[in-house]
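J.: Pulled these from Swiss-Prot:
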DOMAIN    122-451  domain 'SAC'
MOD_RES   456  N6-acetyllysine
REGION    452-587  region 'Essential for phosphatidylinositol-4-phosphate phosphatase activity'
TOPO_DOM  1-520  topological domain 'Cytoplasmic'
TOPO_DOM  542-548  topological domain 'Lumenal'
TOPO_DOM  570-587  topological domain 'Cytoplasmic'
TRANSMEM  521-541  transmembrane segment
TRANSMEM  549-569  transmembrane segment
């Protein structure tokens, strides 16, 4: 049993110190943070001055250094998601960012503005839905990983034993990590999605749980973070685990998703779908092998399902992926290319059964994890499906939900919940819960990476494609276009700051936030708007002859259209690009 983190906390604030008091039964510990020296020590309750301003909090997210100095981030609101084998799982819904400094008089005007921007970035990440924690259970590991642990591992604190891929506040907790005596105040927080449901089929009650864990390695937003880095970390990597708990028995099925693991980029440039660029100089095999070496160590066999188009701009990526798998020649990897859009065109989504039939035997070989009510491991999952499309969102989620349902069917039959011959699809009440949960999972993952809800969720929710769903997809696509081009630079900077990819240095001579804009940034849009306005005016206020009117309209019309295409040609100068972490042209 892991050493639990403190659940009941009070924050006492004085001009000199922050005191975080543990209020659990029998606890006397008080975490003390000196607001001047930033020193972290352990005290007892009698050391808290009675003059301190006191408030309840629900956890320490960590500390961060900005231009004005250090800040303490605490969880101020939480909601209960559910209970997980008698462990309560919480969702953090509100936070406070508290400055160590009592005044900002030591800052220049530029520093004040930069500090304000950095705080806005921090709050932007904190306002993204999907931060989860438990004070008694390790959410970062799958059931199977937790079953293969040593007694020493079991005695570690939650922070020490957590899978660092999924601890989103790992950078913020670095000061507390260095001092084992304060680890019970350090709360590892997961980012992703968790839902829990008590369900009934044939009068038999069971708990059904869905957990998606987003990796904090190579984290970022849709168009600015693609492919892999030099260490083999894939963009938008998410581990999704589906769990069943029935009569003391526990079963789980794990899948992963992640960007195509070669060096490629797709930077926004005002076009609806920027052209993907595959690096011509990077050592693709080195990064590719690093990625799959780690995946095989963690998960076992890899069945890769590549859902991207096999023609057009996506074709070179599909060919590169297939070539890499073939060149590596690993017996632990199987590669399946399934052109989702081609196979399911004209709303023929029933054709997804072709893919399910193709991988059915492989899925049976991979199996799932199962522990009986006596705690004995009955079955191990021997590998995972690693699915991807371009974003690893919409198409990927549809396929993952279908694979998970097939595994769940087998698990519930083995546990005796489903009778022989019964189909999960026929259990209307459970099907509604199942489909909505997977659609909610899709939306959460999409909002965290692309900035909007997922596309194609009408199929996930209802089992069929609808015209209303197509309209909603169009609306979400428009919002994605705007965000990807005009706000994602700020979003990427926010994530880099939060995760520690960028460290603030108040002594920096030049502010990284101050990036001068080229003359084109203001001049060309103004020229286009003026030209378009003049074109409309000439149409409304006709000249003496129609030929004169036509000449004016053509002149201003050509000027506005010409300027529009010049802006499009120079698209990268007009998008909101990241400013904090200098990224290579092709990552």
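Yeah, the Cβs are placed from backbone N, Cα and C, and that goes for glycine too.
Model, not experiment: these values are computed from the prediction.
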J.: Identify, in sequence order, the residues in the chain of residue 456 (N6-acetyllysine) that are 6 or more apart from it along the sequence and have a CB within less than 8 Å of its CB; answer 'none' if there are none.
T.: 394, 395, 397, 398, 442, 465, 469, 473
J.: According to DSSP, how is the topological domain 'Lumenal' (542-548) divided among helix, strand and coil residues?
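T.: The topological domain 'Lumenal' (542-548) comes out at 3 helix, 0 strand, 4 coil.
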J.: So how many of the residues in the region 'Essential for phosphatidylinositol-4-phosphate phosphatase activity' (452-587) end up helix, strand or coil by DSSP?
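T.: Going by DSSP assignments, the region 'Essential for phosphatidylinositol-4-phosphate phosphatase activity' (452-587) contains 87 helix, 0 strand, 49 coil.
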J.: Near the transmembrane segment (549-569), which same-chain residues lie under 8 Å Cβ to Cβ, leaving out any that are not at least 6 residues past its ends?
T.: 270-271, 520, 524-525, 527-528, 531-532, 534-535, 538-539, 542-543
J.: Given the model, what does the mean pLDDT over the topological domain 'Cytoplasmic' (1-520) come out as?
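T.: In the predicted model, the topological domain 'Cytoplasmic' (1-520) has a mean pLDDT of 94.
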